[in-house]
Amino acid sequence: MTLFEKLRCLFTFGQGVALPLPELSSNTTPDQIFEQWFADANKSGILLPEAMSVSSCNSDGQPSSRMVLLKDYDKEGFVFFTNYESRKSHELAENNKVALLFHWNVLQRQIRIEGTVEKVSIQESADYFHSRDRGSQVGAWASKQSQKLKYDDELKERMSHYQDKFSEGEVPHPEFWGGWRVKPHAIEFWQGRANRLHDRLCFEKDGETWLNHKLNP
C-alpha cells in the first residue's frame, strides 16, 4: 500500500464523526458559530485548539504562514500577540490583509478567516504581557525575533543579561511587543462529510451586516 493509499484509508475511517451544523438564518452571526465550534474543540481534547495559522504577505506579494495562539476573540475580531519587529509584524505593517486558519482534524472541522489587522492598544498589550509567566516576559526582551543569530550562545547570553537586569520587581512591557487584532470580513466554516460532500458555510460582511450562504464542496 502506498503512502497516498494509506492516507485515503485514514481519511475514510474518520468520516463518521461529523458533528451537526447550525441552522442558518438572517440573524446568524459567525461569532456565534465560532464560539460553539471553539467550545467543541476544547471539549474534544484537542491539543492547543487555540493554535491557528496566520498568513501574511509582503509588499512583493510573497505570502508566509506560521502557527500562533489565539489569545482573545469577540465580535470585533481575533487577537494574537507577538514581537512587532518580527517578520510577520513587518509584513502586516506593509500589507494589512491577513488570513487565519483553524484546523481541528479530530472533529473534521476547519475555519478560514479573511480580514485586515490593526494593533491593539498599548494598555491591552501591557495587560496581557504582565499576565504571562515571568520567563516568557524576560524571553520577549531577549529574543530579537526573526533576526539572524550571530553565534550559537547569543540568545542564551541575552536571556542571562535580561534575567539579571530584571531580577527584582516587575518586568516592564517592551514597546516592541504587543497584539494584533484581525478584523474579519469573510469567515468560512468547513465540516467534513462522507463521499467528500463537505459542508461549507460562508459569511461575508456587508457594512455592519453579515450575509451567509453555503458553498459547493
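Cβ from N, Cα, C; glycine included.
According to Swiss-Prot, the FMN binding site annotation covers 66-71, 81-82, 87-88, Q110, 145-146, W190, R200. A helical conformation is recorded for R87 (FMN binding site) in the three-state DSSP classification. Using a 10 Å Cβ-Cβ cutoff, R87 (FMN binding site) registers 16 neighbours.
Neighbours of L197 (substrate binding site), defined as other CB atoms within 10 A of its CB across all chains, total 9. L197 (substrate binding site) falls within neither a helix nor a strand when secondary structure is assigned with DSSP, and so counts as coil. Under the heading substrate binding site, Swiss-Prot lists K71, Y128, R132, S136, R196, L197, H198.
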Can you tell me which of the binding-site residues L70, F81, R87, S146 is spatially closest to L197 (substrate binding site)? Compare CA atoms only.
L70
How many Å separate the Cα atoms of R200 (FMN binding site) and Y128 (substrate binding site)?
34
Relative to the Cβ of K71 (substrate binding site), which residues of the same chain, six or more apart in sequence, are found under 8 Å away?
E50, V79, F80, F81, Y128, G179
